[in-house]
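Structure record follows, encoded as structure tokens.
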Amino acid sequence: MSTTVKILLLNGPNLNLLGRREPGHYGHQTLATIVSELSTQAQQASVSLEHLQSNAEHELIDAIHATDAQFIIINPAAFTHTSVALRDALLGVAIPFIEVHLSNVHAREPFRQHSYFSDKALGVICGLGAQGYKFALQAALSHLSDKQLQS
């Protein structure tokens with residue numbers, strides 16, 4: 001894959017607290033460690049990975065509007081259950097995306113089991129901890145490679 005391929009990684013509210021926030025649900029790895037490992041994985045595939053974590057919905061929306069990425073990996077965190085605006089931003093740019101969650105949202109409280117994104121996502125990965133991000137990146141690379149072959 002050429003170096004012009006770009007993937008945008010977005011992480012929503014409270015994910016800056018990974019490693020110390022409810023490690024029973026979210027694991028012990030920090031977001032910085034996860035992003036570093038993903039950056040290495042992307043670099044090995046000759047792909048550019050841009051990352052933004054924000055607790056502010058509008059910053060995530062602005063990043064989606066401004067991106068020239070060919071793929072988005074998003075962990076909307078608590079916005080999963082509340083943000084029609086973030087959903088509309090993703091639909092508005094028509095960039096394929098994968099939704100990632102560290103915990104198994106389906107095994108948690110009922111309010112966490114609804115997503116405004118999953119019906120529009122290329123795929124959803126949940127419950128696999130930090131490993132889920134790596135699987136999402138692999139799936140994104142595979143999707144982009146398949147798309148390139150079809151062109």
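Glycine is no exception: its Cβ is also placed from the backbone N, Cα and C atoms.
If you check Swiss-Prot, you get these features:
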type	residues	note
ACT_SITE	TYR26	active site, proton acceptor
ACT_SITE	HIS101	active site, proton donor
BINDING	ASN75, HIS81, ASP88, LEU102, SER103, ARG112	substrate binding site
SITE	ARG21	site 'Transition state stabilizer'
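Annotation note: ASN75 (substrate binding site) sits in a strand segment as assigned by DSSP. Applying an 8 A CB threshold to same-chain residues 6+ apart, the list for ASN75 (substrate binding site) reads LEU10, ASN11, GLY12, LEU15, GLU99, VAL100, HIS101, LEU102, TYR133.
Its Cβ placed at the centre, SER103 (substrate binding site) has 18 other Cβ atoms within 10 Å. Across the fold, the C-alpha of SER103 (substrate binding site) and the C-alpha of ARG21 (site 'Transition state stabilizer') stand 12 Å from each other. Reduced to three states, the DSSP call for SER103 (substrate binding site) is coil.
On the backbone, the CA of ARG21 (site 'Transition state stabilizer') and the CA of HIS81 (substrate binding site) stand 19 Å apart.
DSSP assigns ARG21 (site 'Transition state stabilizer') to coil, not to a helix or a strand. Around the Cβ of ASP88 (substrate binding site), the same chain contributes no residue under 8 angstroms that is 6 or more positions distant in sequence. Annotation: HIS81 carries the greatest number of neighbouring Cβ atoms among the recorded positions ARG21, HIS81 [cut-off 10 Å, Cβ to Cβ].
Other Cβ atoms within 10 Å of the Cβ of the residue listed as 'active site, proton donor', summed over all protein chains shown, number 24.
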